[in-house]
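> Have a look at this one.
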Amino acid sequence: MTSFVIEASEVQSMLAGRSMEALLRDLVAIAKKLARPPISRFYVGAVGLGASGRIFFGVNLEFPGLPLNNSVHAEQFLVANAAHHGEEILRIIAVSAAPCGHCRQFLQELRNAPDLQILIVDVASESRTLDHFLPHRFGPNDVLAGDFPLLLEPRHNQLHKKVTRPLEHSPSVPSPSSNDLTDCGSDNAVTYCSDANTHTLHKAIDVEDNYSLCETTNCAIVNTVTSSSKGLHDHLLSSNPAESLVAAALEAANRSHAPYTNSPSGVALLVKNGKIFSGSYMESVAYNPSLPPMQAALVSFVTNGEGSYEDIVQAVLVERERAAVQFADTTKLILDKISQNCEFHVVHIS
């Protein structure tokens, strides 16, 4: 048993003659202790039984110094946790307190939403369907075709595996004009140009099928940000973490559930111990309850037993270049608060 997932075989052992609802009630108390609510001090726990027989934990996360809408609700955490572990259906969710309207709406993205059982452990009543808690629902079926993949269901957004484009600049750093770029050359479809004004090397990005950014020892990534720096600047990153981070973020973006704005995105985080954690954008038909990719990646970070957010040293966001919904600014905002020395990179996919 890990902290946030209980395998099906262990679930059966834990039942020991008890009902599933009784087991879930007991587990909610354990889940609550894993929450991270430094602002409200209100600990929320949720546990969910999947069709696979596994049980997933969810807790609330809060981030001091950030707007409250950056918080992660326990039910959102649970769904992101289940998605990360390949669970396709949730049968019943037990929560320590009644789901807020935000979460009742977020759960509508599940295929079986009307029939999903909700068990509130602080009352003696039996479980009720989600339809009971939100009877006049607005859901995916109101705007999507009936066979469209919903949240938790397998999907691949067919994002480009290969994209070549020049290194971008922050608005605070003027982009060089074509007259300023000299000594241009290419190597394996990667273009290098020297800016005569700043003497900065600008490099195009070439993401091959193996997601390698370049053939050289170092390679540049779009819009690199170091939170501890005074401004945005180009930064060279060793190729191995670059490859792994971009690959993880791109994979997360391809799993992203964003049918309403067609703005799939994914975030990958590298921590000091070398582990990489990723998260996919999870969109709600009602927009506001959507779970951003950064928060989804933090769910993965927490579920794997990581401690301080300050251990996050690098982050990559993959998103479409001109998407209706973009997360570069808000992701940087979060990283500036939770891990000030983290390097942040944005890779735009055309």
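Cβ coordinates come from backbone N, Cα and C, glycine included.
Keep in mind that TrEMBL annotations are predicted by a computer and have not been checked by a curator.
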> Looking at Zn(2+) binding as recorded in TrEMBL, which candidate out of H73, H84, H85 goes with C100, C103?
H73
> Among L61, E62, C100, C103, these being the binding-site residues, pick the one whose CA is nearest to that of E75 (active site, proton donor).
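For E75 (active site, proton donor), the closest Cα among L61, E62, C100, C103 is found at C103.
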> For the domain 'CMP/dCMP-type deaminase' (18-141), what's the mean pLDDT in this predicted model?
96
> On the three-state reduction of DSSP, what should I expect for C103 (Zn(2+) binding site)?
helix
> Among N60, L61, E62, these being the binding-site residues, pick the one whose CA is nearest to that of C100 (Zn(2+) binding site).
N60
> Three states by DSSP: which one describes L61 (substrate binding site)?
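Reduced to three states, the DSSP call for L61 (substrate binding site) is strand.
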